[in-house]
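For reference, the structure discussed in these notes is given below.
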Amino acid sequence: MTPLDAKRPLQLNAQGQLQHFLSLDGLPRELLTEILDTADSFLEVGGRAVKKVPLLRGKTICNVFFENSTRTRTTFELAAQRLSADVITLNVSTSSASKGETLLDTLRNLEAMAADMFVVRHGDSGAAHFIAEHVCPQVAIINGGDGRHAHPTQGMLDMLTIRRHKGSFENLSVAIVGDILHSRVARSNMLALKTLGCPDIRVIAPKTLLPIGIEQYGVKVYTDMAEGLKDVDVVIMLRLQRERMSGGLLPSEGEFYRLFGLTTARLAGAKPDAIVMHPGPINRGVEIESAVADGNQSVILNQVTYGIAVRMAVLSMAMSGQTAQRQFEQENAQ
């Protein structure tokens, strides 16, 4: 585990409100619950004839993605548009960054265009924290995923999915399965589940895909699928991240599927009403059988729907927190 997983007070303003969203580590249960409650209230916007509310009218949100993304980028764009914000999405492959401009130079140029918020995805762990510490303080920073470190909005949309299907975290058993070592989603989910009071958090993976020190998250570690899935309420499958792997961690994808793929037979060991989740993109026949991904227990497409509402909640709350912080600073400067 990384020293980046320490409490980061710069996420909160002087009143304890969200002003950046960088990691779930150190955020109180009350704040995570507020995000879930706010997201719940935004779900009905997607069913309207006009799918908009005016909360961020006049604000400019820049999506700056240094890594490829489909679901995260698109749902952030939709979330901002449904809040009536103006949205700029930077294609890094055609931007000055691909010509040698530094990360901070790119963002400071966007900042000079009076952007109010950056949603940043970057391959380096800690990039979002670095940006929040170095750009103009009145610009809110939302972490869209940084290296292996964190993917906090994915963590929260997974929590909303679980809460809407299971009602409460208090008596749940949740299994997170697959490439734990390289997964920022796994880290965010473990933190969120622990904070929200889930008593039984399990990780299931080959020993080569388990990070050193994972026990600090308060999880039970399994290297056998049948044992780890026994009587669980929720199964969260993870993508096998070949692009982040060095050689020798796995014999083959086929061998991984044979031992750790979620099949109908293996899912039968979980509770009969267990739900199956996956952050996407899915590798069918590697992490999960198509019959399971498309089956009645799968809530994978629900996750995408809930992701828009969660990102609406985070964008609106962080913008509100930034405004409150500026007012606080102005009042105390007088």
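Cβ atoms are placed via backbone N, Cα and C, with glycine included.
Under 8 Å, Cβ to Cβ, and six or more positions away along its own chain, Gly280 (carbamoyl phosphate binding site) finds Thr70, Arg71, Arg239, Ile300, Gln303, Val304. The annotation carbamoyl phosphate binding site is assigned in Swiss-Prot to Arg71, Thr72, Arg121, His151, Gln154, Gly280, Pro281.
Other Cβ atoms within 10 Å of the Cβ of Arg239 (L-aspartate binding site), summed over all protein chains shown, number 19. When secondary structure is read from DSSP and collapsed to three states, Arg239 (L-aspartate binding site) falls in the coil class. According to Swiss-Prot, the L-aspartate binding site annotation covers Lys99, Arg184, Arg239, on the basis of sequence analysis.
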Hey, for the carbamoyl phosphate site built from Arg71, Thr72, Arg121, His151, Gln154, Gly280, Pro281, who else sits with CB inside 8 A of the CB center? Ser69, Thr70, Gly144, Gly145, Val185, Pro279
Cα-Cα separation of His151 (carbamoyl phosphate binding site) and Arg184 (L-aspartate binding site), in Å? 6
DSSP three-state assignment (helix, strand or coil) for Arg71 (carbamoyl phosphate binding site): helix
Please report the distance from the Cα of Arg121 (carbamoyl phosphate binding site) to the Cα of Arg184 (L-aspartate binding site), rounded to the nearest angstrom. 12
